[in-house]
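A.B. asks: Here you go, one structure.
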């Protein structure tokens with residue numbers, strides 16, 4: 001997957017007798033994320049009856065063109081081949097079908113990619129083996145930077161540094177290799193069994209992290225919502241680990257603000273989301289109701305906090321893919337859920353104490369209660385906003401609003417049953433006073449005995465109770481759990 005960050009051209013091989021399968025669709029998704037050019041190869045055409053072969057190939061070609069219509073690969077070349085006519089058991093004398101045409105297409109699509117030798121050396125190793133009398137060879141693709149004979153390279157997963165003794169590219173000895181090159185790097189005194197696949201790099205240039213902040217996009221073919229607190233298989237670097245996610249977005253007022261790419265601003269406030277916001281998510285429907293235009297309001301950018309079950313080693317700004325790999329491969333559904341860019345890694349094991357308090361993600365809280373009665377022109381008694389056991393003292397000084405329009409301030413508790421006193425600095429409106437006095441009279445007429453809750457609420461309903469709204473925000477990672485009002 002890490003190597004996917006340096007693909008210049010991909011071939012998507014499709015069994016012509018089956019068409020797109022789950023895994024081919026997932027390869028297409030990864031291609032859309034990580035690659036700009038593609039050639040589709042329809043393989044196994046020898047399995048089609050000769051008389052119907054051409055029409056079957058045309059039919060599948062049209063089907064593939066339709067599939068690719070809304071992707072970046074729309075209009076890409078589609079070539080029909082039989083790489084090994086008759087299958088693996090067929091005699092070698094059987095000539096491949098269409099392969100020379102495929103080679104011509106690949107030549108026409110090939111181009112000289114731009115490569116950059118600057119920056120830290122980073123290589124994705126896909127094989128590791130020993131050569132008697134030489135040492136251990138690690139072969140792979142250089143993802144960034146360059147390497148020369150005599151350089152020290154680190155194997156960060158093992159915290160081991162080795163010196164480059166020799167290098168080869170396609171069986172030719174070289175003294176230097178750079179980004180994009182396929183190379184074999186030989187080091188001494190290293191057991192190849194310790195590294196089957198992985199990364200090697202400039203010493204101390206990669207970091208091992210326990211959590212990360214990523215910018216992300218949902219993969220459109222993934223069915224279902226992306227829920228906060230859900231676990232996903234997170235592929236980052238050469239590793240796939242389980243990770244828990246928490247989604248967040250800009251504050252609603254900043255939904256349409258342009259976001260600087262590949263940078264995370266710790267100075268800003270962010271809104272906690274129960275799920276990734278998309279056109280079909282529940283939270284979006286709520287936003288739609290709150291927005292008078294009736295359109296779903298979606299932010300230009302969303303982020304996630306990823307918390308890994310075990311630490312991962314990777315560079316900053318690397319590709320991250322979240323999947324549900326435990327979904328049945330035979331179920332006709334995309335298992336890749338989201339992709340993104342790693343903006344900030346957390347190296348400290350105790351990141352929940354040392355790092356997360358800097359992340360200003362808040363939850364919007366909205367509580368509602370009712371005015372029970374008037375005390376005087378500048379104060380009322382409220383109820384049903386707090387539970388009986390709530391420490392009302394921590395809410396003292398917070399602003400509230402009455403449904404009749406007055407602004408108030410919580411002054412303190414009243415009695416032992418969760419009731420509280422509200423001060424109205426500008427005084428109650430005459431209409432509000434009349435309404436509340438009428439409600440109180442109706443209530444007192446009901447007799448001096450104990451009024452059941454049901455009776456009480458029905459009487460209040462008939463008198464249209466005055467409601468109290470308390471709105472505040474609380475930062476998710478604030479250890480003191482302070483309530484903030486704008």
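Note that Cβ sites are derived from N, Cα and C of the backbone, with glycine treated the same way.
TrEMBL does not curate its annotations; it predicts them automatically.
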A.B. asks: Tell me which range among 413-437, 438-462 TrEMBL lists as region 'Disordered'.
C.D. replies: 438-462
A.B. asks: With DSSP helix as H/G/I and strand as E/B, how many residues of the domain 'Selenocysteine-specific elongation factor 3rd' (213-340) fall in helix, strand and coil?
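C.D. replies: Final tally across the stretch: 12 helix, 53 strand, 63 coil.
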A.B. asks: Averaging the per-residue pLDDT over the domain 'Selenocysteine-specific elongation factor C-terminal RIFT' (357-481), what integer do you get?
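C.D. replies: Overall, the domain 'Selenocysteine-specific elongation factor C-terminal RIFT' (357-481) comes to a mean pLDDT of 85.
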